[in-house]
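K.L.:
Pasting the feature list from Swiss-Prot:
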- D32, A33, E34, Y35, D36, S81, L82, E113, R136, E173, K290, K314: NAD(+) binding site (BINDING)
- K115: active site, N6-AMP-lysine intermediate (ACT_SITE)
- C408, C411, C426, C432: Zn(2+) binding site (BINDING)
- 593-671: domain 'BRCT' (DOMAIN)
Amino acid sequence: MEPIEQQLTELRTTLRHHEYLYHVMDAPEILDAEYDRLMRELRELEAQRPDLITPDSPTQRVGAAPLTAFNQIRHEVPMLSLDNVFDEESFLAFNKRVQDRLKSTENVIWCCELKLDGLAVSILYENGVLVSAATRGDGTTGEDITSNVRTIRAIPLKLHGDNIPARLEVRGEVFLPQTGFEKINEDARRTGGKVFANPRNAAAGSLRQLDPRITAKRPLTFFCYGVGILEGGELPDTHLGRLLQFKAWGLPVSDRVTLCDSPQAVLDFYHNVEKDRPTLGFDIDGVVIKVNSLALQEQLGFVARAPRWAVAFKFPAQEQMTFVRDVEFQVGRTGAITPVARLEPVQVAGVLVSNATLHNADEIERLGLRIGDKVVIRRAGDVIPQVVNVVLSERPEETRPIVFPTHCPVCGSDVERVEGEAVTRCTGGLICGAQRKESLKHFVSRRAMDVDGMGDKIIDQLVEREYVHTPADLFRLTAGKLTGLDRMGPKSAQNVVNALEKAKATTFARFLYALGIREVGEATAAGLAAYFGTLEALQAATIDELQKVPDVGIVVATHVFNFFAEESNRDVIGQLLAEGVHWPAPVVINAQEIDSPFAGKTVVLTGSLSQMSRDDAKARLVALGAKVAGSVSKKTDLVIAGEAAGSKLAKAQELGITVIDEAEMIRLLGA
């Protein structure tokens, strides 16, 4: 594997982990600033090597999946996020891109508003009556929070006024004013309850209560900033006009909204808001800048995960100085050993900060960090900050070097660092308690075996009490044994046992993904399952045969081959099957027997489609005998190029591969 491939894999794994913590668990471990840094690094690397972009990369999607504790609502119109800029130069570059795409030399009229630091929600009104509400979730599916949203007094249960559409889905931010946040924490300290780190966490925790009566006691509020569904009615043709119409119908809208007719006016708005930020009474982390004209918005369109006509201009992260008192080492699912700085506690932007990730040995070397050093900590709205630099001019005399362990701090196994990789790994595998915990958490996760109710804390206890050593042990658990865990009553224990029983019926692709084979994400697992059809065929495959699977190269093929060559892994798989884990037998499709122009061809989709979603297109292509790959190579037979097709199209043309557009694809699908 090339070094850049390893960097991309590690970055994507890290970002997905933090997206899960932020969007699903409402328990972020890093700051927005650190997440943004990682995302920028990933974008920059993918820009260098667009052929390595994967469909499941965090740059290609929004956010993370919802919890199953709530019912789920599928967004009819996806809830996209915004791209970010962090300085004036980046904003001016964004402004120029917009003007260039519009082929205009005239200034764009921008609508500027506050970037609230709360929880994004959608609220659906039918004939003016509130009928449902949902969180953003993963942008496609969110959690049904209707009962809780109905308790927020700022949100009208019925719109008032004239010309209300038959169906109107408004989008906005639920947040907690500073005074309400302080009162919640004051009450929590007095009663021994949970003290929240910041207003955003408090708002998320309040809104996602299973008991709406608790939500009703929290002083949440709401500002509307956009629209999703619009049926049976009309709205003004400008963004500001729509906000004013929402206000006329009784929906709360921020009064800090301004039209700006030049880039300089936008910058002035940004700096004025930044200056007033401490006195607003609620948290913001930047300003949002949108093209005011809806016609121009439509002309500009979207990229994969964000509109081209809007951007979030984020404030600089806030910084403080403190001392590194120690460095500890944590072990992840794949054995990656991550150094964590233990800091002299310091208040940064209203939050007491006591630790920060140092990523890897290369980062420590880059910083020139030693234990005892005075460092600059940067934080911008999250819980765990980043170490920006070392204050060498104030280095104490008693500092000492940070020594990476030669043995795993958890299990004592040897550690290794493969040449060209940034990560040091424990070689202990499942004998390592830390890896065992993380592997089991991955195994039961929603996108893997999807065991409802089997949370991280339960896994931690099961491993620590030595009830569970391998995934197969999970299916041997009884309600009686689970009842002995902390905060686990008989009913909850039985629910977990029932969920485990339900999870036994899965798919071959989910099962492969759940095994946690290194470098095998959901897309690769699906490709392996589709290509080989059966577990027996996959286990018997050679490295050369594995490389025939679309998107599987020598590195992934080697990891898969080595995994199945390991006797202990085969033993665990045998135990899982013996415990009743199963999936439907494969439906064998002979491409030669399918009367379709796509039969037997390896197809790559690139660019955005306007007539159907990418997932729908993939499903229809596969049904017609095609193999859909994520990157263009000599194995590719056909490339389907949608709007704004980029490097994949260029590579296809370079290799002389047949290229068709979306209209031709639709014609052939109907052939």
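Any Cβ shown, glycine's included, is placed from N, Cα and C.
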K.L.:
Out of L82, C408, C411, C426, C432, give me whichever of these binding-site residues has the highest number of other Cβ atoms within 10 Å.
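P.N.:
Per the Cβ count within 10 Å, the most buried is C426.
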K.L.:
Can you check which residue among the recorded positions K115, R136, K290 has the largest number of Cβ atoms within 10 Å of its own?
P.N.:
R136
K.L.:
Of the binding-site residues E34, D36, L82, R136, which one sits closest to C411 (Zn(2+) binding site) when you measure Cα to Cα?
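P.N.:
When the Cα distances are compared, E34 comes out closest.
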K.L.:
Rounded to the nearest Å, what's the C-alpha distance separating C426 (Zn(2+) binding site) and D32 (NAD(+) binding site)? Just drop the number here, would you?
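P.N.:
Cα to Cα, C426 (Zn(2+) binding site) and D32 (NAD(+) binding site) are separated by 29 Å.
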K.L.:
With DSSP helix as H/G/I and strand as E/B, how many residues of the domain 'BRCT' (593-671) fall in helix, strand and coil?
P.N.:
28 helix, 18 strand, 33 coil
K.L.:
From the binding-site residues E34, R136, K290, pick the residue whose C-alpha lies nearest to the C-alpha of C408 (Zn(2+) binding site).
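P.N.:
Among E34, R136, K290, E34.
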K.L.:
Can you list the residues of the same chain, besides C408, C411, C426, C432, whose Cβ falls within 8 Å of the Zn(2+) site's Cβ centroid?
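P.N.:
Near the Zn(2+) site, beyond C408, C411, C426, C432, sit V331, G335, H407, P409, V410, G412, S413, V415, T427, G428, I431, G433, A434, Q435.
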K.L.:
Hey, of the binding-site residues listed (E34, D36), which one tops the CB count within 10 A?
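P.N.:
Neighbour-count leader: E34.
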K.L.:
Which value does the mean pLDDT take for the domain 'BRCT' (593-671) in this predicted structure?
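P.N.:
Over the domain 'BRCT' (593-671), the predicted model scores a mean pLDDT of 80.
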K.L.:
How big is the gap, in Å, between the Cα of K290 (NAD(+) binding site) and that of the residue listed as 'active site, N6-AMP-lysine intermediate', rounded to a whole number?
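P.N.:
One finds 12 Å between the Cα atoms of these residues.
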K.L.:
Which whole-number value in Å describes the distance between the Cα atoms of L82 (NAD(+) binding site) and K115 (active site, N6-AMP-lysine intermediate)?
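P.N.:
A Cα-Cα distance of 11 Å.
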K.L.:
Whole-number Å distance between the CA of the residue listed as 'active site, N6-AMP-lysine intermediate' and the CA of R136 (NAD(+) binding site)?
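P.N.:
The residue listed as 'active site, N6-AMP-lysine intermediate' and R136 (NAD(+) binding site) have their Cα atoms 16 Å apart.
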